[in-house]
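Taken from TrEMBL, the feature domain 'Radical SAM core' applies to 39-267. According to TrEMBL, the feature [4Fe-4S] cluster binding site maps to Cys54, Cys58, Cys61. Among the features that TrEMBL reports, [2Fe-2S] cluster binding site is placed at Cys98, Cys130, Cys190, Arg262. Residues or ranges marked as region 'Disordered' by TrEMBL: 337-363.
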Amino acid sequence: MSEMRHNWTKEEILEIYNKPFMELLYEAATVHRLHHDPNTVQVSTLLSIKTGGCSEDCGYCPQAARYHTDVEGNDLMSVPQVKAQALRAKEGGSSRVCMGAAWRNVKDGEEFDQVLEMVRTINKLDMEVCCTLGMVTENQAKRLAEAGLYAYNHNLDSSEEYYKEVISTRGYQDRLDTIDNVRKTNVTVCSGGIIGMGENIEDRAGMLVALSTLNPQPESTPINALVAVEGTPLEDQEPVSIWDMVRMVATTRIVMPETQVRLSAGRTQMTREGQAMCFFAGANSIFAGDKLLTTPNPDVNEDMKMFELLGMKPQKPFTKKVQPQTVEAQDSQIEALGEKPRWTRPEHKIERNEAARALRKQD
Ligand code: SF4
């Protein structure tokens, strides 16, 4: 029931997803207990170090410059600003800081050097550092690893088929190539997706096939419920039901037994009872802080009260893997190559993305 497999098929995953609810919950909880302490939750704080103005067309994202949303963009944060936020996160019980920049891909230069300095600074605070900066080359991943990065996040978002209905400015293979580049270092991989974007259950299973057949499987997998933001192409999507969320978490737990499954966006729409069901089904990580990049998230104190109620404790940093060493910039052995990789631009037409973009033009 809990062996590590990298050959899951869509049919097998669908069969798990569609099991009678109680049976699914019981199986997932059993796998969870075999691989994890069920009373421990890994807590991450997500920090938007560069917000808005993104060139991509991800249909769910209020940071895409082409859609009309209320997101106010800002330039890259300074290292002292990031350090102050990281210290606050640590005091609030987070073991990890995840820094997100609204970039299509990493570009060598001053801004990336600044991000590397942020990584060094947070690692020296004895916190796990994660970055989500878009697509990265092998050399860039190595530079991040050398700075002391613990994890790199790059979500697959959905199945390969449905991905084409949401994003036209880059291809699924680019996502997989970035994950592959990260895997050539000792940085752990964080990759998951979003449900509630209009995909069907086969697409959810397809995404889990793509994730679970990676070898090794991602060390962490965020499961997001879409937060439909006004002005984005997906603004009219109905909220995901808690039952779907629990099924998705439970199925992820069963097919990826060692992975930390993270409840991510959409937690404000869930009751405590709903979240407790997700923890029972195998979720063992959350994002803390009142904002997730640009969308709302429960208050930290509320989360701590929920943990107390459930008898759960935040996981200590470096429980799953030892702390990486930080190499200072002046001692670095890896030079910036100034690469200009050819990431794909399929640019096929997605009607709802075009419609949202046209609305922006009328303003
Ligand atoms: S999800 Fe990332 S890449 Fe896509 S539009 Fe938003 S910030 Fe840009």
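The chain as shown is numbered from 1 upward.
Yeah, the Cβs are placed from backbone N, Cα and C, and that goes for glycine too.
What TrEMBL says about a protein is an automatic prediction, not a curated fact.
Counting in whole angstrom, Cys190 ([2Fe-2S] cluster binding site) lies 19 from Cys58 ([4Fe-4S] cluster binding site) by their C-alpha atoms.
If you take the Cα of Cys130 ([2Fe-2S] cluster binding site) and the Cα of Cys54 ([4Fe-4S] cluster binding site), they are about 20 angstrom apart, rounded to a whole number.
Within 10 Å of the C-beta atom of Arg262 ([2Fe-2S] cluster binding site) sit 25 other C-beta atoms, taking all shown protein chains into account. Rounded to a whole value, the Cα-Cα separation of Cys58 ([4Fe-4S] cluster binding site) and Cys98 ([2Fe-2S] cluster binding site) is 20 Å. Among the binding-site residues listed (Cys54, Cys58, Cys61, Cys98), Cys54, Cys58, Cys61 have a CB atom closer than 6 Å to some atom of ligand 1, in sequence order. Sequence-distant contacts of the region 'Disordered' (337-363), counting only residues of its own chain at least 6 positions beyond either end whose CB sits under 8 Å from a CB of the stretch, comprise 57, 59, 66-68, 104-105, 108, 135, 137, 139-140, 164-171, 173-174, 231-235. Cys98 ([2Fe-2S] cluster binding site) sits 18 Å from Cys61 ([4Fe-4S] cluster binding site), taking the C-alpha atoms as the reference points.
In this structure the alpha carbons, written CA, of Cys61 ([4Fe-4S] cluster binding site) and Arg262 ([2Fe-2S] cluster binding site) are 19 Å apart. Residue counts for the region 'Disordered' (337-363) under DSSP, split into helix (H, G, I), strand (E, B) and coil, are 12 helix, 0 strand, 15 coil. Following the DSSP three-state reduction, the secondary structure of Cys98 ([2Fe-2S] cluster binding site) is strand. Predicted-model confidence for the domain 'Radical SAM core' (39-267) is 95, expressed as mean pLDDT. Set side by side, the binding-site residues Cys58, Cys190 differ in how many other CB atoms lie within 10 angstroms of their CB, and the most is found at Cys190. The residues near the [2Fe-2S] cluster site, meaning same-chain residues not in Cys98, Cys130, Cys190, Arg262 whose C-beta sits within 8 angstroms of the mean position of the site's C-beta atoms, are Ser44, Leu46, Arg96, Thr132, Ala151, Asn153, Ser220, Pro222, Ser285, Phe287, in sequence order.
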